[in-house]
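So that you can see what the record holds, here are the features copied from TrEMBL:
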TRANSMEM  12-29  transmembrane segment
TRANSMEM  41-66  transmembrane segment
TRANSMEM  87-120  transmembrane segment
TRANSMEM  140-162  transmembrane segment
TRANSMEM  174-195  transmembrane segment
TRANSMEM  215-237  transmembrane segment
TRANSMEM  249-275  transmembrane segment
TRANSMEM  287-305  transmembrane segment
TRANSMEM  312-332  transmembrane segment
TRANSMEM  352-375  transmembrane segment
TRANSMEM  387-403  transmembrane segment
TRANSMEM  423-445  transmembrane segment
Amino acid sequence: MAAPRGEFSSRFGFLMAASGSAVGLGNIWGFPTNTASNGGAAFLIVYLVLTFALAYPALMAELIIGRHARSNAVTALKTIATSNGSKLLAVTVGVVGIITVSFILSFYAIVSGWMIAFFFDPLARLVGMDGLSQWLTTDTAVRNSIFVVVFMVMTVVIISAGVKDGIEKWATRLMPSLILILILLTLYVFTLPGAMDGLRAYLIPDFSRITDPQLLIDAMGQAFFSLSLGVGTMLVYGSYISKDENLPVVGSLVALLDVGIAVLAGLLIVPAMYVALANGVEIFDESGALIAGPGLIVSVLPALFNNMGSIGILVASAFFILMTIASLTSSISMLEVPVAYSVENHGVRRPVAALLIGGTITIISLIIVFNFDPLFDLVVNFTTERSQPLLSLFICIFAAWIWKRNDILQEIKSGCPEAENGIFWKIWPFYIKFICPVAILVVYFQ
Ligand code: TRP
């Protein structure tokens, strides 16, 4: 029944795939705007603390469970369950994770589709097709539908090709390009008038905000979304890691890459907004806060690029290709969750599973596109604010309260023989048992 399982061919391959999953719209769009609207570096500091104190332990729980069971989330959680009750919980958490990540992908694909449309806009203007440019940048259901389909086709094609020839191959190509484009764009924006004001807004902490509950909630949501936690994404990627790999080390590298790229993206986006301000573009909303929603990416920044003259065409295409790459390496990690389950537990062939599930998610996206106002925010909030934190909580409970401590240690020791005496084993079990569940619950009930 079970098809032979894929495995990442190297540490680099895994790092690119997992950081590709982690780095997405959440880093380049969500993080900078959250920072700018939550007291600058005060948010950054809280976010860093929460990432390493809460999100990294939860990430490790997923990687360890995944590599131990070498299977998708449903089977993996069932493997470590000890009683009928915990087996039922395992299936529930696994299946709700699959449903949640499918809905996350359904809204993610819409936003990613905008990025592709905006990538083509400067090219259309370059060749003088102003009508096309107008169509590409006007928010219509038809345009959105077309680009949702384009984006989902790319996602399905990569996932059909499997772990090595799909996920790993594309992540190792795309992630280095992403980092390079991000650095070049940031350096360029730094040379423009107004950038230093943005840098100040980004980096000077407003410590009076640090006790603001909203800041805490936003920072924790951001940390869990950004590390793709709760829904089985990292668990499945963990199941493709070699048994010789040192898990605590690769896990911390993924967290560092994720945070590093978020911080770097902040150095690009916030200064770019102030450059736009210096160019006469409105960057504050009626309440005086920085524009953070879709308006930032689809109106403020394009207005800035349009003001830049001919170099603006290059900068705009570089920026939107960056966004598209970030989206794609994340969306493949989402689609992999249901696909791995169907392949392993129901014997469906991978390309068929990718096509059927990808097709279904595309239909959900299209339903949202045509009913945007009632549905979009609802789906975003329900999946990311309700479902994801609770699922993370249950995965922590599985790792800490249900799984046998000695089995966990054996799994970590594979690839890290000295684990028992290392710092990770001194701290992590305690964190995952007490601190993570309590912290998640506290923030959840805020
Ligand atoms: N982490 C990605 C981002 O920051 C999005 C993402 C990928 C994700 N896989 C996920 C979010 C699974 C939640 C769950 O954009």
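Using N, Cα and C of the backbone, Cβ positions are placed for all residues, glycine too.
TrEMBL: automatically predicted annotations, no manual curation.
Of the two recorded stretches, the transmembrane segment (249-275) does not lie close to the transmembrane segment (312-332), with fewer than three CB pairs under 8 Å once pairs fewer than 6 apart in sequence are set aside. Counted over residue pairs separated by six or more positions, the transmembrane segment (12-29) shares at least 3 Cβ pairs under 8 angstroms with the transmembrane segment (215-237), which defines the two as touching. Among residues of the same chain six or more beyond the transmembrane segment (215-237), those with a C-beta under 8 A of the stretch's C-beta atoms are 14, 17-18, 21-24, 26-27, 30-31, 34, 38-39, 42-43, 46-47, 50-51, 54-56, 58-59, 62-63, 65-66, 72-73, 76, 94, 97-98, 100-101, 104, 209, 254-255, 258, 262, 330, 333-334, 336-337, 340, 384-385, 387-392, 395, 439-440, 443, 446. Three or more CB pairs closer than 8 A are found between the transmembrane segment (423-445) and the transmembrane segment (41-66), so contact between the two stretches is assigned (pairs 6 or more residues apart). The stretch with the most CB contacts under 8 Å to the transmembrane segment (387-403), chosen from 41-66, 140-162, 174-195, 287-305, 312-332, is 41-66. Sequence-distant neighbours of the transmembrane segment (41-66) (same chain, 6+ residues past either end, Cβ-Cβ under 8 Å): 31, 34-35, 73, 76-77, 80, 202-207, 209-210, 215-216, 218-220, 222-224, 226-227, 229-230, 232-239, 241, 247-248, 250-252, 254-255, 258-259, 262-263, 266, 392, 395-396, 398-400, 403, 408, 411-412, 424, 428, 431-432, 435-436, 439-440.
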